[in-house]
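> As annotated by Swiss-Prot, phosphoserine applies to 73, 74, 95, 106, 109, 115, 129, 261, 632 (among others). Residues or ranges marked as phosphothreonine in Swiss-Prot (evidence: similarity to another entry): 92, 110, 231. What Swiss-Prot lists as SUMO2 cross-link is 138. Sequence annotations record features per position, and here Swiss-Prot assigns coiled coil to 144-217, 245-423, 461-798. Marked as region 'Interaction with BBOF1' by Swiss-Prot: 537-701.
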């Protein structure tokens, strides 16, 4: 009878001596579908014929079978038969196509399985250790980034504090310079009495001691600032903050604050002392002015009694005519001066326009350089993206090869994992390099914006100072011209009065009769003298105001010079920082040359960027040199103005002396008033002639006023044209700045896009890693399932061995089984 396959779990009953089993197996003792089938038939009609058995009554025996994977179909195979008269054994062996080799006892050994398990465990341990190492490295990188960020923030805070302290020191130094100037002024005033001199010496000693204390405090504060700068520079080079560094920084900060507080206290005391001295000096000056005024009033009263009325009337008429002629001359001079000033203004505006055009061209060149750098950054990012794509493709290829290698052999899995780790390391290095490049770009951009702002502020300050200097120069010229006119008028008066002196002697007898009306004229002349004195006082006040304005301009020029010195210091600091950063970058690039041999183009681009930055620094140095030259010119102009003011003082003193001489001559003329009465008739005729001349002069004045109006209109039109040109240049500069800002925004958007693309690439890389890990876990699960099936098949083989031993317990059956069975080489010895 033929063996039949069953889908359920087979069962074996207790077998006796005549029990027979049939077995179907594959390479690893598997049936094609389900459990092996064994049938035993018995008959009492036939006898034994050799080794064959024919049994009518059949019994189906089922055995327990391990779990088999689904997806395979059952099939019937041709079996082998051994017949005997009472029994028949039928075995269905597997087909030759499916069974490649014959099963042996060596195949049933578990050494290969144990070695495979050991290898799998080793691989699992290696994978776990590598994953742990990667996680540790990531955590360390995150910690280092956090520490660097904290250190950067700390350094930035310290820098801000240092800048504030430096600003305060600059203010205190400016105050010290003001105090020194005040002390020098105090030294120059030596017209005090002995008691006042002693008191002043004591006050000077106090002030000098306080100044020395303030300078000592300032020097100590400057030393503390330098120490803080040195510590911060060391921290920049070390890039790691320790507890000792933090303690030293806090100590130095406390010392600096203490010394600054002492410095402020000394400054306050100095200010109080100087205020007291100024108050005393003002009170003394007021007392002196009161005394001089009283003396002048007494002199005026004496002059009132001496002067006569007729002489004052004649002087009035003559002076009015002279004033009208002088007004005409002054108007002509003002018209010529206005034309000259308009020409100078045109030249100045043209020079300013040329300067602005040159600045616009420079800005255009800078914007072009920025565009080039942006394009270079784009090329770098594109190259990095291409490299990332190539690495992705390589990773995909490597993953496919890894899949094939895992199916074929397990040793290729190690190589693929190592290669994947190398790729992860390379990707991390490239991400770090991209982040560093972006950070350097942002730092350069911020520094460029700061330098542009500082440059604009300095240019505006220089323009304001130039305008003030021109205004002061114009005012000084007008003052000088007025003084010259006054002096010329006084000289002309002297000549005329000397000429009239001889005539007054003859007229003295005639004027005795008309003495009463002449007294009225004398009073009027006295009033005119008072007016002249008031005008002299006004001129003195104007000169004092101009002196104060010149001092203000000098102080402003000193402030601009201090600001330029600060700019020079900041540029030097930027140079030092740039050199340090360049050296650090060179060291980093030299250390990374072994790892970055595949990226020489990027290094060349970075070197080109460094060269461009150095060129920009050289340009900024040239600009600073130009600004220093401009400041030196301004200082020379201010000194020239001071010389002019001194000349004006001397002229004013000379005019005062001349006024004294005139007063003496007026006294002499008072004595000679008696001789002027005879010349009244002649003067009346002369007055009629002069009235006609005055009428003609008025006509000329009207014509000149018309000409002045036309000139004023031309001036207004020229000024409006200049303003329009300036507004046009401003609009052009604003449009260029807007275009530059739009380009910068475009570059920033491109950078953000590259950042998002890098984030997407990182996400895809993480997804690929997760998929790879999930596939590895699936393979592990499959290996475990195969191991479980191997164990179950081994148990099944042992069970079959035991069943064969029980079935073929008799000698003839066992011998016949051993001689004719194809599994005899696999059966255990009896």
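Cβ coordinates are placed from backbone N, Cα and C, and glycine is handled just like the others.
I'd like to know what surrounds each of these features in this structure.
Within the same chain, no residue at least 6 positions away in sequence has its Cβ under 8 Å from that of residue 129 (phosphoserine).
Within the same chain, no residue at least 6 positions away from residue 138 (SUMO2 cross-link) has a Cβ under 8 Å from its Cβ.
Applying an 8 A CB threshold to same-chain residues 6+ apart, the list for residue 231 (phosphothreonine) reads 245, 248, 249, 252. A helical conformation is recorded for residue 231 (phosphothreonine) in the three-state DSSP classification.
Predicted-model confidence for the coiled coil (245-423) is 76, expressed as mean pLDDT.
Counted within 10 Å of its Cβ, the other Cβ atoms near residue 261 (phosphoserine) come to 12, all protein chains included.
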> With every protein chain in view, how many other Cβ atoms are within 10 Å of the Cβ of residue 632 (phosphoserine)?
11
> Need the DSSP three-state call for residue 138 (SUMO2 cross-link) to compare against my parser.
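In the DSSP reduction, residue 138 (SUMO2 cross-link) maps to helix.
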> Taking only the Cα atoms, work out how far residue 632 (phosphoserine) lies from residue 261 (phosphoserine), in Å, as a whole number.
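About 35 Å separates the two Cα atoms.
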